[in-house]
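Pulled from Swiss-Prot, these are the features on record:
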BINDING   E35, G40  Ca(2+) binding site
BINDING   H56, H373  Fe(II)-heme a binding site
BINDING   H235, H285, H286  Cu cation binding site
BINDING   Y239  O2 binding site
BINDING   H363, D364  Mg(2+) binding site
BINDING   H371  heme a3 binding site
TOPO_DOM  1-6  topological domain 'Mitochondrial matrix'
TOPO_DOM  82-89  topological domain 'Mitochondrial matrix'
TOPO_DOM  166-177  topological domain 'Mitochondrial matrix'
TOPO_DOM  257-264  topological domain 'Mitochondrial matrix'
TOPO_DOM  323-330  topological domain 'Mitochondrial matrix'
TOPO_DOM  396-401  topological domain 'Mitochondrial matrix'
TOPO_DOM  474-508  topological domain 'Mitochondrial matrix'
TRANSMEM  7-35  transmembrane segment
TRANSMEM  46-81  transmembrane segment
TRANSMEM  90-112  transmembrane segment
TRANSMEM  136-165  transmembrane segment
TRANSMEM  178-207  transmembrane segment
TRANSMEM  223-256  transmembrane segment
TRANSMEM  265-281  transmembrane segment
TRANSMEM  294-322  transmembrane segment
TRANSMEM  331-352  transmembrane segment
TRANSMEM  366-395  transmembrane segment
TRANSMEM  402-428  transmembrane segment
TRANSMEM  442-473  transmembrane segment
Amino acid sequence: WLFSTNHKDIGTLYFIFGAWSGMVGMSLSMLIRAELNQPGSLIGDDQIYNVIVTAHAFVMIFFMVMPILIGGFGNWLVPLMLGAPDMAFPRMNNMSFWFLPPSLSLLLASSLVESGAGTGWTLYPPLASGIAHAGASVDLAIFSLHLAGVSSILGAVNFISTIINMKPINMSPERIPLFVWSVGITALLLLLSLPVLAGAITMLLTDRNLNTSFFDPAGGGDPILYQHLFWFFGHPEVYILILPGFGMISHIICHESGKKEAFGNLGMIFAMLAIGLLGFVVWAHHMFTVGMDVDTRAYFTSATMIIAVPTGIKIFSWLATMYGSQLTYSAPCLWALGFVFLFTVGGLTGVVLANSSIDIVLHDTYYVVAHFHYVLSMGAVFAIMAGFIQWYPLFTGLSLNPKWLKIQFSIMFLGVNLTFFPQHFLGLAGMPRRYSDYPDAYTAWNVISSIGSMISFVAVLMFIFIMWESMSSNRQVLFPTQTSNSIEWFQNIPPAEHSYAELPTISY
């Protein structure tokens, strides 16, 4: 296990690591909602509150969503869907995983020394500078990010090599499964954006420790430069988080609809490519309040709205794939339908925020929090749940209890919506982000939001119980539920240690 070069074992390690980190991240979010449940202070001052918020973001993004979607599902499914015997660089694959536990350890250490890194996950100077955050906390967080970044870059190189070099000779680009496409595009985005983040946080590190002035106006630097560099990474990053989810949802909807391919398969591929490309030219929409020229704001507003077009193509293609089919309303199907609906809601609030003039008012309010939690907590997480339930029988050879899964879906659906829908109202009413206290006019919606978070917590506990029950009762799977449109279901269930002794013949 520790030194395994098998893509299945490494994928399983990623799943276990992601689940553990997810529990840490969820605990942090419960602390946030407990603090905000009533006006007045519960935990302490805003420094400790901001440390919790910062750690919650980092843990959920870098140690939960990315390891599960890219590391877990990517490692497990890409070689199986390509008919490849393993990844292109199996030992580097192992190293990619083992960079993550030290990275997480450094991040958790940053919260425990001095007074913690209370900067928000963006690490903006001058708040993250040596003066405002003296001590080792921010430095530890920066090293943690470096390690996570190296891990992701190595993984990205590995996936790109695998997808280009290890597919069957007659698998033309439009025949490559959509999930493999999505992971390939994700890997490309990682490869192009992470070095910029590494440069930005390295400059921040030297500003803090080696007396440089990249972001210090007193020495001729500019803190806005940091924001440009960070968001040039930060915006592609949010597409990195959702693209593998897009690929998985495409497969699940095809599978559940009994169709042989998605509606507009080529259009789906080009939509993902367009999203990946456009993701790099919209970064300053995170900075509408820093005083950019009006023509710059106009460009970033327009470019951001253009991203809604390929995203809309994907959503309507999913709907068209389901059209006319007899849906079974199985658990993966429910998660996929929930994904399509809630991701659309999150996308619509994104179009609202894309308007630079409106964003001046809504920037740094709970409206933004509601927007990105709809696309992450109900986009990425719903995709993870859908994919996990869909492929769990393939990975383990065991079956989950379908009735309990539907009940668990209902509880989770209620919980996340109750948590994040009221935050739109809080944002429109002007409640700012990253404060541990608020005027009592905001109490009602915050109470509802906190109740929703507790319901979600119960739903997650129930899911852990469903998995435990499945493994302890050991119900073997006899055959897949439906004839499938992708080749991973032709494996034994669970697959053999080495799936392909020779390259399979793919005939269409």
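Heads up, the Cβ atoms here are built off N, Cα and C, so glycines get one too.
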Given a Cβ distance threshold of under 8 angstroms, which distant residues of the chain, six or more beyond its ends, lie next to the transmembrane segment (366-395)?
8, 12, 60, 65, 68-69, 73, 76-77, 238, 241-242, 244-246, 248-249, 251-252, 255, 331-332, 335-336, 338-339, 342-343, 345-347, 349-350, 352-353, 405, 409, 412, 416-417, 419-421, 423-424, 426-428, 431-433, 463, 467, 470, 477, 480, 488-489, 491, 493-495
Between the binding-site residues E35, G40, H235, H373, which lies closest to D364 (Mg(2+) binding site), Cα to Cα?
H373
Give residue numbers and ranges for long-range contacts of the transmembrane segment (223-256): same chain, 6 or more residues beyond its ends, CB-CB under 8 A.
61, 65-66, 69-70, 73-74, 122-126, 177-183, 185-186, 189-190, 192-194, 196-197, 199-200, 203-204, 214-217, 262, 268, 272, 275-276, 279-280, 282-287, 290, 314, 318, 321-322, 325, 327-328, 330, 332-333, 335-336, 339-340, 343, 372, 375-376, 379-380, 382-384, 386-387, 390, 482, 484-486
Enter the number of other CB atoms within 10 angstroms of the CB of H285 (Cu cation binding site).
23
Secondary structure of G40 (Ca(2+) binding site) (DSSP, helix/strand/coil):
coil
Looking only at residues six or more beyond either end of the transmembrane segment (402-428), which have a C-beta under 8 A from one in the stretch?
33, 329-331, 334-335, 338, 342, 349, 362, 365-370, 373-374, 377-378, 381, 385, 389, 442, 445-446, 448-460, 462-463, 466, 469
Cβ under 8 Å to the topological domain 'Mitochondrial matrix' (257-264), counting only same-chain residues 6 or more beyond its ends: which ones?
178, 250, 313, 317-318, 320-323, 325-327, 482-483, 485
By Cβ distance under 8 Å, which residues at least 6 away from the ends of the topological domain 'Mitochondrial matrix' (82-89) in the same chain are close to it?
5-7, 75, 157-159, 161-163, 165-168, 171, 176, 180, 487, 498-501, 503-504, 506
Same-chain Cβ contacts of the transmembrane segment (90-112) under 8 Å, 6 or more residues past its ends?
3-7, 10, 13-14, 17, 21, 24, 51, 55, 58-59, 62-63, 67, 71, 75, 136-141, 143-145, 147-148, 150-152, 154-155, 157-158
Long-range neighbours of the topological domain 'Mitochondrial matrix' (396-401), counting only residues six or more past its ends (CB under 8 A):
331, 389, 466-467, 469-471, 474-477, 493-494
If H, G and I count as helix, E and B as strand, and all else as coil, what does DSSP give for D364 (Mg(2+) binding site)?
coil
